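Here the structure comes first, spelled out in structure tokens, and everything after it is commentary.
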Amino acid sequence: MEMTADYLRDRAWQYAQLTRLNRPIGNFLLLWPMLWGLWIAAKGLPDLKVLVVFVLGVLIMRAAGCVINDYADRDFDGHVKRTTHRPMANGRVSEREALTLFVVLCLVAFGLVLLMNPLTIALSLVAVALAATYPFMKRYTHFPQVHLGAAFGWAIPMAFAAQTGAVAPVAWLLFLSAVLWATIYDTQYAMVDRDDDLKIGVKSTAVLFGQADRAIIGVLQGVMLAVLVAAGLVVGLGAFWYLGLAAAAALFAYQQWLIRERRREDCFRAFLNNNWLGGLIFLGLLLDLHLGG
């Protein structure tokens, strides 16, 4: 096929959609927990090289995760209202293109992590395995959201390893909070697709929880906040940290109000609201580390 400007422009747009460059919310949901971990590991002053590598690595691996997700779901997405427009669902990107792009993105991310220490490099192999296997979990288990949380949260122990050369116990508390958080917001996200998922046999926590979804999400929200309180106690954080958590609790209450009738658009709004929640927790951490004395 002739490489005309129009063709290249079209390919770039298809790949941008495939990697969700047009939907940056996922970038933030990945970045916030990593930033919590890195700032706590560094006591407020992260190494610039580590910060740059991790921000770029998170963005690249999120793009790779979106690609392999669409590859795995290529036969399902055409039957789900929200995903019928995706490039693989309507044949605008081939399977070979998608797999090639996934491999290239993973290699670029691995090239970045090679700038880090051996422990971080070893942990990165787990990150790739989690990212590559997550999209297939919905065929075999009702808990793909938990797997997603592990994939999203794995940047936390990696950040500790890169910054300090070790993974402190508090890193695993933060990792647990990230798993819980992803389970919360991805269940809200899955509530948008629940009717379609039931028809085509796709598993999710939203399908499993059924009418108990709001109550279970509420329990998970409470446990997540308790874990973050424990993390703050372990490292001696002060008032600003807990003010950030109080703000997060208020947003969790708002999300419960949004999903009260389980309308698709309101469940999606609750999902999007988590970006503000992650940012407020990070703001509380920043203020505490730099102004808390």
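Cβ atoms are placed via backbone N, Cα and C, with glycine included.
In Swiss-Prot this protein carries:
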- 25-45: transmembrane segment (TRANSMEM)
- 48-68: transmembrane segment (TRANSMEM)
- 101-121: transmembrane segment (TRANSMEM)
- 142-162: transmembrane segment (TRANSMEM)
- 165-185: transmembrane segment (TRANSMEM)
- 223-243: transmembrane segment (TRANSMEM)
- 271-291: transmembrane segment (TRANSMEM)
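Tertiary proximity for the transmembrane segment (25-45) is limited to same-chain residues at least six positions away from its ends with a CB under 8 Å from its CB atoms, namely 51, 54-55, 58-59, 61-62, 66, 152-153, 155-157, 159-160, 163-164, 168, 170-171, 174-175, 177-178, 181-182, 185, 231, 235, 271-272, 274-275, 278-279, 281-282, 285-286, 289-290. The transmembrane segment (101-121) shares the most Cβ pairs under 8 Å with 48-68, out of the stretches 48-68, 142-162, 165-185, 223-243, 271-291.
Between the transmembrane segment (271-291) and the transmembrane segment (48-68), the number of CB pairs under 8 angstroms, six or more residues apart, is fewer than three, so the stretches are not in contact. In terms of C-beta pairs under 8 Å, the stretch of 142-162, 165-185, 223-243 lying closest in packing to the transmembrane segment (48-68) is 142-162.
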